[in-house]
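Peer 1: Have a look at this one.
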Amino acid sequence: MAEWKPTAPPVPSSASMTSLGRALSRSRLNQPEALPSQKSLSRSAAGQSRRRFSSSSESPEMSPSVEARVLVINTGGTIGMTYHNNVLSPEPNALVETLRKLPILHDEQYAQQTRLYEYYKPPENTLVLPLSKQNKRIVYTVLEYSPLLDSCNMTTDDWATIGKDIEVPIYEMRNDGRDNLLGALLIAGQFVIPEVCLYFHHKLYRGNRVTKVDAGSFNAFNSPNLPPLANAEVDIKINWDTVWRANTTAKFTINTQMNRNVGLLRLFPGITADTVRAFLQPPMDGIVLETYGSGNAPDNRADLLDEIRKATQRGLIMINCT
């Protein structure tokens, strides 16, 4: 099978890129040649093994290749933290070292038998899951954000594309990190769901619809007014009627131009017009209003309505949500 050599995309200027974008642009994740066990495949079979986008809303789409690749970006969340002076903090390279020791997250025997590390770079950051129920192998490479950050310290310049959260570090005896990471990898490697998602406690949620409802439980997230996109039970069940389906095979792009002058204003009974006026002042360019019930706000408060009217007239964008 002929070696596939992708054309290098144009590199944007460093000034227009986020910290993560710069890290990715400096990193090289090489496209592997065919593994020894795959070199006998014909050209037609090789073409069929590529991941395809779903254009149908009637049936689930699975990645058809025997082996799928997933990029894992460790930005420094709880899953990769260790204790320093009785305080959890991110530890460089610790996550990959721990994953390599866990049989449910890395099949070292398969990696050695297929000479996996000769074909996937960098080898020290590449791992492979055991064979799934769908007879697929998911090879994943862990790229660490530099420097690793506590999510509390992140800004819009640091936001990653895939939202994922863990309650307890993966090193702890009782933790949810292993199951959450495994579930996320299985879904990313086997199903075409082109969305920003959060996988947590056997459920896959749409990223912008999820909220944390319990700080002390492994069942910590929920998605009000929208069912999960997937449930990982005995089998993984995808709610395809809810998933946004891809209708193109265009190259994936990331918007790195983020506006920090966007705020969240929660309206509550008794809020004063002065408070609202102060919040809506320049340099604010956009506001998300959190209102009552199904999206209601006071309609008999002329002072509040006047402040909102003035702000929209000068070009401030407002979006209302419940």
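Cβ atoms are placed via backbone N, Cα and C, with glycine included.
Straight from TrEMBL, here's the annotation block:
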ACT_SITE  Thr78  active site, O-isoaspartyl threonine intermediate
COMPBIAS  40-65  compositional bias 'Low complexity'
DOMAIN    69-167  domain 'L-asparaginase N-terminal'
DOMAIN    168-242  domain 'L-asparaginase N-terminal'
REGION    1-65  region 'Disordered'
Peer 1: So if I draw a 10 Å sphere around the Cβ of Thr78 (active site, O-isoaspartyl threonine intermediate), how many other Cβ atoms end up inside it?
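Peer 2: There are 19 of them.
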Peer 1: May I ask you to report the DSSP-based helix, strand or coil state of Thr78 (active site, O-isoaspartyl threonine intermediate)?
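Peer 2: Going by the DSSP assignment, Thr78 (active site, O-isoaspartyl threonine intermediate) falls within a helical segment, counted as helix.
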Peer 1: If you run through the domain 'L-asparaginase N-terminal' (69-167) with DSSP, how many residues end up as helix, strand and coil?
Peer 2: 25 helix, 25 strand, 49 coil
